[in-house]
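K.L.:
These came from Swiss-Prot, pasted as-is:
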- 1-31: compositional bias 'Polar residues' (COMPBIAS)
- CYS120-CYS203: disulfide bond (DISULFID)
- ASN10: N-linked glycosylation site (CARBOHYD)
- ASN18: N-linked glycosylation site (CARBOHYD)
- ASN29: N-linked glycosylation site (CARBOHYD)
- 1-38: region 'Disordered' (REGION)
- 1-41: topological domain 'Extracellular' (TOPO_DOM)
- 64-82: topological domain 'Cytoplasmic' (TOPO_DOM)
- 104-121: topological domain 'Extracellular' (TOPO_DOM)
- 144-163: topological domain 'Cytoplasmic' (TOPO_DOM)
- 185-220: topological domain 'Extracellular' (TOPO_DOM)
- 242-272: topological domain 'Cytoplasmic' (TOPO_DOM)
- 294-313: topological domain 'Extracellular' (TOPO_DOM)
- 334-399: topological domain 'Cytoplasmic' (TOPO_DOM)
- 42-63: transmembrane segment (TRANSMEM)
- 83-103: transmembrane segment (TRANSMEM)
- 122-143: transmembrane segment (TRANSMEM)
- 164-184: transmembrane segment (TRANSMEM)
- 221-241: transmembrane segment (TRANSMEM)
- 273-293: transmembrane segment (TRANSMEM)
- 314-333: transmembrane segment (TRANSMEM)
Amino acid sequence: MSQRQPQSPNQTLISTTNDTESSSSVVPNDSTNKRRTGDNSPGIEALCAIYITYAVIISVGILGNAILIKVFFKTKSMQTVPNIFITSLAFGDLLLLLTCVPVDVTHYLAEGWLFGRIGCKVLSFIRLTSVGVSVFTLTILSADRYKAVVKPLERQPPNAILKTCAKAGCIWIMSMIIALPEAIFSNVYTFQDPDKNVTFKACASYPVSERLLQEIHSLLCFLVFYIIPLSIISVYYSLIARTLYKSTLNIPTEEQRHARKQIESRKRIAKTVLVLVALFALCWLPNHLLYLYRSFTSQTYMDSSTVHLFVTIISRILAFSNSCVNPFALYWLSNTFQQHFKAQLFCCKAGRPDPTAANTPLDNLAVMGRVPGAASTQMSEISVSPFTGCSVKKEDDRV
């Protein structure tokens with residue numbers, strides 16, 4: 001394919017091609033880490049480390065999310081309102097791990113975009129849809145947990161499961177609608193680094209020359225997929241923590257042993273939620289800051305410095321890692337899921353669930369998944385945190 005030459009030595013060449021495509025900027029396309037950049041490209045040792053890291057993320061993430069989904073569908077007691085959202089989150093993570101993460105590895109293997117114009121648009125759509133499903137599901141989960149804390153005695157209607165499935169479906173539809181413009185405008189562009197006199201193709205949402213569009217796009221991504229949902233989640237869980245703390249002050253020390261254990265459990269859960277919020281912010285903040293940096297700094301040429309390359313790799317690994325940690329956070333925090341996980345992983349009979357799980361005190365509805373249509377004293381063992389899709393422990397578990 002013929003390429004136009006730059007008009008001046010310092011001008012970046014950008015030309016739309018017919019056989020390449022763009023990637024979602026929520027996980028910015030890495031156009032600077034190719035081996036073509038010469039001296040600042042990763043060495044053999046670094047490339048091996050990158051390949052191994054990606055392989056671990058893909059294999060561990062697929063295994064964990066697949067088991068989580070299987071446990072949900074095979075275990076009736078796990079089919080609670082919060083676990084529907086968790087399973088939806090697992091589907092979104094699995095979609096990302098099966099498509100976009102393997103494609104991202106090719107940035108370090110090939111000299112340019114390999115998947116054509118259609119592939120670029122499809123992958124951009126999938127990537128942004130998955131990110132939207134994750135972020136918006138976590139936000140809805142935070143609202144669900146807040147409601148459970150404020151109204152622990154409220155009985156869920158018999159059609160709660162159906163309504164929750166509808167909500168999860170709406171999240172997917174909304175995420176796809178938001179991702180649609182990304183797929184429409186994404187394309188493959190040819191870039192030139194005038195300092196090294198090399199050209200390469202990359203999938204991008206907008207041409208580098210469209211400075212204003214990049215700035216608007218990066219700000220919108222930062223607000224819609226990070227600042228706004230994280231702010232909402234932070235408000236909900238600040239209120240949850242405050243409610244849990246105040247409730248512990250109102251229970252006399254002479255209460256029965258069971259109530260005292262419940263108080264300690266609620267304190268541990270409040271602390272765990274704060275940690276999960278920090279983990280969520282940590283995984284996504286570098287990625288968004290990197291895209292903002294690329295959009296608002298000089299773009300007359302691609303930054304191929306070693307520091308920029310290192311930050312890019314780390315930010316992408318952190319973002320993709322968020323899709324594989326949820327099942328293992330759930331394994332760590334939920335004794336019942338741990339038993340089912342082991343049963344599926346090692347093909348053995350799952351251990352008998354803790355009988356106290358079906359008779360948990362009403363106060364623990366704040367962090368327990370209530371069984372729709374059941375008496376108010378009946379509830380499932382699983383409870384969730386919205387940031388990793390993981391369950392919070394039963395009162396006899398330890399955080």
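Glycine is treated like the rest: Cβ placed from N, Cα and C.
Help me understand the surroundings of these features in the structure.
P.N.:
A helical conformation is recorded for CYS120 (disulfide bond) in the three-state DSSP classification.
DSSP states for the topological domain 'Cytoplasmic' (64-82), grouped as helix (H, G, I), strand (E, B) and coil, give 16 helix, 0 strand, 3 coil.
Per-residue pLDDT, averaged along the topological domain 'Extracellular' (104-121), amounts to 85 for this model.
In the topological domain 'Extracellular' (185-220), the DSSP tally of helix, strand and coil residues is 11 helix, 14 strand, 11 coil.
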K.L.:
I'd like the Cβ neighbour count for CYS203 (disulfide bond), meaning other Cβ atoms within 10 Å of its Cβ, all protein chains included.
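P.N.:
Excluding its own Cβ, CYS203 (disulfide bond) sees 29 Cβ atoms within 10 Å.
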K.L.:
As a test: from 42-63, 164-184, 221-241, 314-333, pick the stretch that has the greatest number of Cβ pairs under 8 Å with the transmembrane segment (83-103).
P.N.:
314-333
